[in-house]
Amino acid sequence: MADQTKKRYVTTEDLKKHNQPGDLWISIQGKVYDVSKWVKTHPGGEAAILNLAGQDVTDAFIAYHPGTAWHHLEKLHNGYHVKDFHVSDVSRDYRRLAADFSKRGLFDKKGHVTLYTLTCVGVMLAAVLYGVVVCTSVWAHLVSAVLLGLLWIQSAYVGHDSGHYNVTSTKPCNKLVQLLSGNCLTGISIAWWKWTHNAHHMACNSLDHDPDLQHIPIFAVSSKFFNSMTSRFYGRELTFDPLARFLISYQHWTFYPVMCVGRINLFIQTFLLLFSKRHVPDRAMNIAGIMVFWTWFPLLVSFLPNWQERFVFVFVSFAVTAIQHVQFCLNHFAADVYTGPPNGNDWFEKQTAGTLDISCRSYMDWFFGGLQFQLEHHLFPRLPRCHLRTVSPVVKELCKKHDLPYRSLSWWEANVWTIRTLKNAAIQARDVTNPVLKNLLWEAVNTHG
């Protein structure tokens with residue numbers, strides 16, 4: 001009783017007031033922490049905390065942190081507790097499920113998926129080198145280009161897993177895998193990926209907070225983008241101008257072609273971040289890693305006999321990776337969207353609403369890299385992919401219990417849903433009553449509907 005009398009309390013409304021840079025409070029299980037100064041050193045980046053500041057973040061904390069992280073919290077405790085702290089039924093069940101997985105050791109049992117995948121990547125890399133350097137056949141070069149694209153896909157899956165610390169039990173080894181599979185092999189910085197991906201997980205399918213939905217002027221999944229909203233992630237306006245209107249009006253036709261060259265954008269985003277003034281963890285190592293890629297890849301292409309074959313080789317290898325880029329879109333483009341910051345009190349609900357699973361046979365799990373279980377991954381991002389199929393029925397039952405969506409579509413159905421979403425937005429973008437339509441090219445193309 002003596003300890004109870006020493007506690008100081010704030011209300012949920014009081015907590016909400018501390019949600020601006022320099023004044024950031026969060027609560028975990030009703031205990032309040034001041035993370036104003038610590039936010040810049042947060043391993044998951046600033047965006048995760050900035051998006052959820054002023055709220056109870058227990059579910060998000062459980063999802064992203066191992067049990068060893070709890071003892072780091074005490075030094076951030078400011079002495080306050082939330083007086084009207086409340087746990088919803090769905091959150092209570094989610095936490096029980098996470099605790100059960102932890103007791104069963106599922107978060108620690110990494111399996112051998114990474115070893116198998118990296119072995120496969122090594123074999124494909126050897127085959128690519130042989131096909132390009134030794135063989136003189138055009139067909140051998142084309143096959144090598146396809147293998148290189150598949151290599152990049154599988155390597156990206158390992159990079160994704162290592163970014164969620166699902167690969168090894170030690171941080172240095174995990175970081176090494178990140179740099180090798182991401183920067184060195186694919187040319188895409190793991191620092192850039194973690195920066196955007198963590199924000200995506202925290203604000204899943206928020207139009208103004210989730211960078212994975214912000215593709216103006218090329219794509220728009222919702223007509224709400226037509227009001228030129230501000231990206232809270234990038235800190236700039238997503239302008240819906242005549243060019244954006246024109247491109248978005250045909251996005252259901254351009255979706256797959258754009259995906260074939262989508263890798264170029266990832267390279268650009270990597271360079272923009274690494275050579276920006278932003279705080280980038282391990283900047284030097286990330287730059288060194290992508291320099292490794294931009295050494296071996298151009299050198300490999302130079303072994304091809306002429307510029308025509310070099311162009312075809314690069315294009316085919318990029319186009320094959322479109323399979324993965326399309327998959328990332330299928331998981332979210334046709335799901336529910338919202339505007340505004342995420343709410344820590346409906347973590348489970350937001351993840352179910354913003355994700356779609358892809359149903360497939362177990363022998364195809366390697367092809368999808370575990371991300372066909374997108375909801376399971378979003379709810380338990382630390383869970384190694386070898387366990388996602390196992391926990392899927394339990395997650396499905398929990399969704400059913402709380403009347404929440406659990407959508408698992410075939411690859412074909414997911415594509416149909418995505419194209420339908422893009423088409424609906426495209427038709428709305430063509431609305432001639434919108435005053436942004438003052439473009440002669442637009443009028444010429446659409447004169448006959």
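Backbone N, Cα and C define each Cβ position, glycine as well.
TrEMBL labels come from automatic prediction, so no person has curated them.
Features of the protein shown, as given by TrEMBL:
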type	residues	note
DOMAIN	7-91	domain 'Cytochrome b5 heme-binding'
TRANSMEM	113-132	transmembrane segment
TRANSMEM	138-155	transmembrane segment
TRANSMEM	253-275	transmembrane segment
TRANSMEM	287-305	transmembrane segment
TRANSMEM	311-330	transmembrane segment
Do you know the mean pLDDT across the domain 'Cytochrome b5 heme-binding' (7-91)?
90
Cβ under 8 Å to the transmembrane segment (113-132), counting only same-chain residues 6 or more beyond its ends: which ones?
140-141, 143-144, 147-148, 150-151, 154-155, 157-158, 161-162, 167-168, 177, 181, 185, 300, 303-304, 313, 366, 370, 384-386
Surrounding residues of the transmembrane segment (253-275) on its own chain - C-beta under 8 Å, 6+ positions past either end:
152, 187-189, 191-192, 195-196, 218-219, 247, 283, 286-287, 290, 315, 318-319, 321-322, 325-326, 329, 418-419, 422
